[in-house]
Each structure stands twice: as structure tokens, then as C-alpha cells.
Amino acid sequence: METVTTVAALRERLAASRRAGKRIGLVPTMGYLHEGHLSLVRESVAECDVTVVSIFVNPTQFGANEDLSSYPRDPDRDLDLCREAGVDLVFMPDVGEIYPEGFQTYVEPGPLAEPLCGAFRPGHFRGVATVVAKLFNMVQPDKAFFGRKDFQQVAVVRRMARDLDMPLEVVTVDTVREQDGVAMSSRNAYLAADERERARCISRGLFAARAAFEKGERRAGPLLELVRAPLSAMDSVQYLEIVDAGTLEAVAGDIDRPVAICVAGYIGKTRLIDNIVLDPASAENAVSTAA
Ligand SMILES: Nc1ncnc2c1ncn2[C@@H]1O[C@H](COP(=O)(O)OP(=O)(O)OP(=O)(O)O)[C@@H](O)[C@H]1O
Ligand SMILES: CC(C)(CO)[C@@H](O)C(=O)[O-]
Ligand code: BAL
């Protein structure tokens, strides 16, 4: 495994692979890796010849009062985990390498970036789209791998790739959970023991809704109530919504197409998000989206 910190070294290292016709997979991350990230890596290793992991805590996607400065970091451990997982190349740039002096061009996503996290983190998806577009241009991957836990992020990135004619496949990977159901997240590291216990309420509610859906409940209202009740263990809920899985528009009434139930809120000072996808057309909807 090699580690590079500059765009020039990254391009140089990948040029030979590309000339040799190797398929290149990219896994963009902000580091502090866990099993969720590693499942993206494994998927890339399985589907591509060369796997590149980027580790970069992207300042442009953090709001002024968010946790950019305290975001957890452990580069040495990250490199060990990447090596063990079969990563070929790690790109670990510093901020100046990605946003050099004079940087002024951003990617502005459309309506997919407006609801849910977009409403509570103004500018967040502009920052995500910009850095992901830059990573796509730097690595020029055949496939890029993203986690379903960040449901809206995948939708925004997929749309951007399509709208801007980026020649790659965006692959979505199911959410990896702790044994008790809590979605893995680097930010779980912020949680004190009692907060970690309370964090279970999110997946508990989502799983209750999924169980009811599997038994035939199709009304959005009662499904939302099943998620809402346990969320009282959170300190605040930013949103709890059922949205069309494609457009992210709110769905009321009966669920007659694939939807996502999306949650975001705070436990203490830690912001957590999670979701499940429910698809009435798929007999196995719950299993495939345990996620
Ligand atoms: N539990 C998970 N299962 C699958 N993929 C995940 C999981 N958590 C994160 N990912 C994916 O890993 C990629 C990098 O995410 P990131 O580095 O922000 O990690 P994170 O744990 O989501 O951090 P945070 O929750 O603090 O934002 C994203 O595509 C994200 O969706
Ligand atoms: C995709 C990403 C690496 C862009 O900074 C980030 O938003 C993340 O880790 O999900
Ligand atoms: N996983 C999304 C990165 C963020 O919360 O900024």
C-alpha cells in the first residue's frame, strides 16, 4: 500500500494503472475509519483492480458552529486498517492541497440538497459536491463507493455525476450497524456511555417501522409514529420524515413506491443520522435494506 499527499503524486501513481486498463475504485472518507468504511473498501476491492481511499476532513462541508476542529482523527490507525483491508493507495492531502490559495469554484447541487440535512446544514452539500467532484477529477475512478447511511449524500452525488457527465458509476453500500443496531459513525466516538445507550432509540424506532411495514402497514402516519415514540430519548430531533427514495420529496398517505424514513437529531452535543429504505415492490424490502 502506498500513501500520497499531493494531487501530482496521486495522478502519477494512477497513470500506469489506467494505461494498463485497470479498473479504479475510489472510497472517499473523512477518516477515523470503522467497519462501515471498511465495507465500502471491501466492495471496491471485490469490484475493482485498484482501490484508492481518500482521507480528508473537508472544511467546506462544515458549518461555522459545527465540529470541524474536534472531528475525530487517527491517521496511523486508519492506515493500518486500510493496509489490512487490501487498499492499494491512500490519498491524505492537507487542506492547502485541496483548496489552494485563490480557490473560488464550487459545485452547487439542486433541489435534492434542500430538504433533510440540507435544511439544517446550509452549504453542507455544496461542500460535499465540490470536494467529491474534485476527488473524481483527481482519481478518475471507474466506480466510487458511498454508504447508504448518508442517504441524501448519495442522492446528491449520483445526481451530480449524471448532470455533469462524470464518467463513473456511483455504488451505494448498505449501512453497517453495531450489534445493538446503532449505525456505525465516526461521530459515535463523541458519545458518553449513557448517550451511547440512548443512541439505540433511533434504530429501535426505524426497525419497529420496518417490522410494521413488513406486516403490511403502508400508512405513512402510523409508521412515523412508531419511529417518533422512541426518539423521545434524544435531546432534540431535527427531522423525522418519510421521503420518496428517488426525489427525496416528503411522502404522506400510503406508501406506494420506494421510500426512506430519515432521522437526524442530537444526543448531547453529537448529531446523529440514520435511515431505512422501504420498498413495497420488493418482498424482501426489509432484509435488503437492513441497512
Ligand atoms: N455505518 C456505515 N455503513 C456504511 N457506510 C458508512 C457508514 N458510516 C459511514 N459510511 C460511509 O463512509 C463514507 C465516509 O463517511 P464518513 O467518513 O463521513 O464517516 P461517518 O462515520 O459517516 O462519519 P460521520 O457519521 O461522523 O459523518 C460515506 O460514504 C459514508 O456514507
Ligand atoms: C463523501 C465525503 C468524504 C466528502 O467529504 C464525506 O461527506 C463523507 O465522509 O461522507
Ligand atoms: N458523513 C457525512 C459527513 C459529514 O457529516 O459532514
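Cβ atoms here come from the backbone N, Cα and C positions, even for glycine.
Automatic, uncurated: that is what TrEMBL annotation is.
According to TrEMBL, the protein has these features:
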- His37: active site, proton donor (ACT_SITE)
- 30-37, 147-150, Val176, 184-187: ATP binding site (BINDING)
- Gln61, Gln153: (R)-pantoate binding site (BINDING)
- Gln61: beta-alanine binding site (BINDING)
**OP:** Please name the residue among the recorded positions His37, Arg148 whose C-beta has the most neighbouring C-beta atoms within 10 angstroms.
**Re:** His37
Original post:
Does anything in the same chain, at least 6 positions from Val176 (ATP binding site), have a Cβ under 8 Å from its Cβ, and if so what?
Top reply: His34, Glu35, Gly36, Ser39, Gly147, Ala183, Met184
Original post:
Say you check the Cα of Gln61 ((R)-pantoate binding site) against those of the binding-site residues Leu33, Arg148, Ser186; which is nearest?
Top reply: Ser186
Original post:
10 Å Cβ neighbour count around Met30 (ATP binding site)?
Top reply: 18
Original post:
Within the chain of Gln153 ((R)-pantoate binding site), which residues six or more apart in sequence place their C-beta under 8 angstroms from its C-beta?
Top reply: Cys117, Phe125, Val128, Phe146
**OP:** For each of the binding-site residues (Leu33, Gly36, Gln61, Ser186), count the other CB atoms lying within 10 A of its CB, then report the residue with the highest count.
**Re:** Leu33
Original post:
Going through the recorded positions Met30, His37, Arg148, Val176, Ser186 in sequence order, which have a CB under 6 Å from an atom of ligand 2?
Top reply: Met30
**OP:** Work out how many Å separate Met30 (ATP binding site) and the residue listed as 'active site, proton donor' at their Cα atoms, rounded off.
**Re:** 10
